[in-house]
Amino acid sequence: MNADWLHAIEEKLTRLKDRGSFRQLVPTSEAALPWLTRENCRLLNLASNNYLGIADSKEFIERTEQLASSYAIGSTASRLIIGNHPLYEEAEYELTKWKKTEAALIFGSGYMANVGIISSIVGRGDAVFSDKLNHASIVDGCQLSRADHLRFRHNDMDHLETLLQKSPHKQKLIVVDALFSMDGDHANLHDLVTLKERYGAILMVDEAHSGGVYGATGGGLVEELGLNDRVDIQMGTFSKALGSYGGYVAGAKPFIEYLLNHARSLIFTTALPPYIVASHLAALQIVQEQPWRREKVQVLGERLRNGLEQLGFSLCGSESYIVPVLIGDNHDLLLVSESLQAAGIAAIPVRPPTVPRGEGRIRLTVTASHTEKDIDWAIEQFQRLPLVGRRELTP
């Protein structure tokens, strides 16, 4: 074993600990439920991306098992070899109907989808215009593409237009999260569509955190705003509101065929197991049949936001069921997290580099499995915190 190498790693770990940025895995049970178990403590689960409460639904599990009953556990190969089992075609057909596009393609994960899409459609001599707060998978896709990576200030359409005006690039790709995972606010999709049409760009929207919850059928923010025909690429995941695992992209048929021949993160990996793809089908059915789930999570999200705002907490401009409580300094953040977990809330600290330095936060998420009583109790626990991360309110 190379002792110098290990010593260098240990020094880096020590620096992480000194900054309060060291991370560890913590065994967690019942993570799909409203209350979970972590380090032998029962905690209110405000840390899950299971927004619609589907992952723990008995109906979801039963439908999935029925659809997958005649298949083996493993897919045995990549999709382009023999791993493209019939459930893939069924699920992708349902995706095209749901997203109102010509075609769709399922990837192994949302991360793999973003990396594969972006690195396939742009390259040297092209440019990607990316919101500063886009997910790491988008950033990594931009870097792998070798295109010029031009980041615009968060939701700043004037800055984006300035960059587009100055761009000499032939191929221009604009990519944004529809709902930003660490701030809980929305992209300005109407303005983005206008700019992409004005400057001849391609627009890619990542619906990872909005898919399933927004729109008449849960199709996402693009559907809710009626922009299906004007957004070129709709990407999303099955791992959040849809309660399963995997990523997807929907768009024009030639584009999907192009990805099938160029996206390395699809071509050079084993296909998802049939059971997982069966769960995609089951989730798509439930999302469209049960609108009460998305209605409930929106109402509960508003209830939590209102309660915390009244206590003086900064919520990063959240307008959704993702409710980040801004604390700031890492050490203060860890103290708040420990206090909340001692009170009975799974309050997971989010630190740099996931968020900008000095903007550490407790990222709270609401699901349709929660009750009003759960939310009100959580607000009470925040009220008991010392004045860290919130302003003092005048009477």
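The backbone N, Cα and C atoms fix where each Cβ goes, and this holds for glycine too.
What Swiss-Prot says about this protein:
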BINDING   Arg23, His135, Thr354  substrate binding site
BINDING   Gly110, Tyr111, Ser181, Asp206, Glu207, Ala208, His209, Thr237, Phe238, Ser239, Lys240  pyridoxal 5'-phosphate binding site
MOD_RES   Lys240  N6-(pyridoxal phosphate)lysine
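Taking CA atoms as the reference points, Lys240 (pyridoxal 5'-phosphate binding site) and Arg23 (substrate binding site) are 22 Å apart. In this record, substrate is bound by Arg23, His135, Thr354; the longest C-alpha to C-alpha distance in that set is 19 Å. Following the DSSP three-state reduction, the secondary structure of Gly110 (pyridoxal 5'-phosphate binding site) is helix. Checked against Ser181 (pyridoxal 5'-phosphate binding site), the binding-site residues Arg23, His135, Thr354 differ in C-alpha distance, with His135 being the nearest. The two recorded residues, Glu207 (pyridoxal 5'-phosphate binding site) and His135 (substrate binding site), have Cα atoms 11 Å apart.
Neighbouring residues of the recorded pyridoxal 5'-phosphate site, listed in sequence order and excluding Gly110, Tyr111, Ser181, Asp206, Glu207, Ala208, His209, Thr237, Phe238, Ser239, Lys240, comprise Asn49, His135, Gly211, Gly236, Gly247 (Cβ within 8 Å of the Cβ centroid).
Here Phe238 (pyridoxal 5'-phosphate binding site) comes close to Ser244, Tyr245, Gly246, Gly247, Tyr248, Ser279, His280, Ala283: these same-chain residues lie at least six apart in sequence, with C-beta atoms under 8 angstroms from its C-beta. Looking only at other Cβ atoms within 10 Å, the busiest spot among the binding-site residues Arg23, His135, His209, Lys240 turns out to be His209.
The Cβ of Glu207 (pyridoxal 5'-phosphate binding site) has 29 neighbouring Cβ atoms from other residues within 10 Å, across all protein chains displayed. Cβ contacts within 10 Å of Gly110 (pyridoxal 5'-phosphate binding site), excluding its own Cβ and spanning all protein chains shown: 26. Sequence-distant neighbours of Thr354 (substrate binding site) (same chain, six or more apart, CB under 8 Å from its CB) are Ala136, Met182, listed in sequence order. Rounded to a whole number, the distance between the Cα atoms of Arg23 (substrate binding site) and Gly110 (pyridoxal 5'-phosphate binding site) is 23 Å.
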